[in-house]
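Taken from Swiss-Prot, the feature active site covers D274, E277, D307. For D274, E277, D307, E333, the entry in Swiss-Prot reads Mg(2+) 1 binding site, with the evidence type similarity to another entry. Annotation comment: Swiss-Prot describes E277, D307, E333, R334 as Mg(2+) 2 binding site, evidence class similarity to another entry. Residues or ranges marked as compositional bias 'Low complexity' by Swiss-Prot: 92-107. What Swiss-Prot records for 270-372 is domain 'ERCC4'. Residues or ranges marked as phosphoserine by Swiss-Prot: S95. The region 'Disordered' annotation in Swiss-Prot covers 84-131, 229-259. Residues annotated as region 'Interaction with BLM' in Swiss-Prot, with similarity to another entry given as evidence: 124-244. Residues or ranges marked as region 'Winged helix domain (WHD)' in Swiss-Prot: 131-230. Summarising the annotation, Swiss-Prot assigns region 'Helix-hairpin-helix (2HhH)' to 471-545 and lists similarity to another entry as the type of evidence.
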Amino acid sequence: MAEPVRLGRKRPLPVCPNPLFVRWLTEWRDEAASRGRHTRFVFQKALRSLQRYPLPLRSGKEAKILQHFGDRLCRMLDEKLKQHLASGGDHAPSSPSGKKGASKGPPEQVQDSSMPVPTQPQAGSTSVGYWPAQNSGAREILLQLYREHLNSDGHSFLTKEELLQKCAQKTPRVVPGSSKPWPALRSLLHRNLILGTHRPARYALTPEGLELAQKLAEAEGLSTRHAGFRPEEHHGEDSAVPEALSEPGTTEGAVQQRPLELRPSEYRVLLCVDIGETRGAGHRPEMLRELQRLRVPHTVRKLHVGDFVWVAQETRPRDPERPGELVLDHIVERKRLDDLCSSIIDGRFREQKFRLKRCGLGHRVYLVEEHGSVHNLSLPESTLLQAVTNTQVIDGFFVKRTMDIKESAGYLALLTKGLERLYQGHTLRSRPWGAPGAAESEAKPSTNPLCSLLTFSDFNAEAVKNKAQSVREVFARQLMQVRGLSGEKAAAVVDRYSTPASLLAAYDACATAKEQEMLLSTIKCGRLQRNLGPALSRTLYQLYCSHSPLS
């Protein structure tokens, strides 16, 4: 007699890949809820994001690829994990006790979270036996993500734009346009070697991809020393260095590029015109015609900040298609009066000045060009005059007013000739982004030009407006939308409270509503270190603590 068919579950329920992190986030959420703090919402969002993530995490740093995980929360997880292991914990956050395939080594031997962790490939994985070809797009993607993983100052992920930019430096033939599909990226996603999260997508290595990338790096002789990075060293809480809002870190491209040195006879001064200045209806724009008439050597490019910059271009380069270029320490932003009026109304005026201050160049020129009658504009003449005056007196820009486009072109021609004379006979050298340079030239006026300059690629890459931003940077931009809150004031607030969550926690710790209103009033701002003041402090309190619609 045949045995009866036994119906049952064919697949076991999936085991939680990160039980410790889930448990700790749940505890923190419940504790915040019991105290009535707003941080419970932060922990709840992070918990949901973690529960949807199917792969194991070996440190809090790795959790940064997930949504709602900021620097502070990742540090909290790492500190909690360190305490757990120090108290005799017998497994990592991604290896629940009793789970098959748990690490067999002694519990005391815990690898550094910033170093590659080799894992066994899963059964049935499509990545088993896969080895990307030399100079292929897939190989370069894995290596670039591996470098980012080793970078202690990085995020352990890259966006598609960042991947395209970095891979184009090594294998330009296999890199498509930014709007086109990338077969190599799709193949790695299909093989479960990389993981895509967020929108726009962020790509990071999976454990299988990390193991393969480590083998590729060893095959190419790439190590943490050759990559220009060092593994993260854990020295307790003192190792956490707060980020500065106005001091962007050194880019990977700046680390990898060989130093560029241009001797006096090896370069020429060239004016770079933003492509936005060249748009015309069926004819070449007047600005380019005037520059050609004045015989100003120039080129048209996409500039992410400013309208005109000058570069020292190599005259006898090794690669004629890619000559070395160093950006001289001057930048010009051109505004017609009608454009100035509209930019003040829609908020671009303050944002553009803030980005110009952070572009890495010390001498900033604001070129204001007359256009038609002032009485036909949306703002009164006194408002425009006040804005221009503030730009010179408060922001420290050099303001130049011209009558028309011909006079503007003539001024650019004079600047070009002046820079040629200024740098004549000087040897120019490249410097990485963030190294001392422009700040020194501003602090100590001198007749000698700044000869330690940014490369054009570094300058333009760091000036990208819509690049991936940290919570700190987005918080600062949000603060700057408040009327009366300048970039310097926003930076001062963010230096004290780096995220909205930390600000809300500070509000929760206040005993009375009056104390909450005055919480930010004594924050020191700007070079004169003046207080933020009660009015702005009250406005920010109403913005972040009001449960009803703002009036």
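Each residue, glycine too, has its Cβ placed from N, Cα and C.
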Cβ-based neighbourhood (8 Å from the centroid) of the Mg(2+) 2 site, residues E277, D307, E333, R334 excluded: D274, G276, G306, F308, V332, K335, L367
Cα distance (Å, whole number) from E277 (active site) to E333 (Mg(2+) 1 binding site): 11
Structural state of D307 (active site), classified by DSSP into three states: coil
Shell of the Mg(2+) 1 site beyond D274, E277, D307, E333, same chain only (C-beta within 8 angstroms of their C-beta centre): V273, G276, L303, G306, F308, V332, R334
CB within-chain contacts under 8 A for D274 (active site), separation at least 6: V300, R301, K302, L303, G306, D307, F308
Cβ contacts of E277 (active site) (under 8 Å, same chain, 6 or more positions away): P285, M287, L288, V300, D307, F308, R334
Whole-number mean of pLDDT values that fall within the region 'Helix-hairpin-helix (2HhH)' (471-545): 88
Cβ atoms near D307 (active site) (within 10 Å, other residues, all chains): 19
Structural state of E277 (active site), classified by DSSP into three states: helix
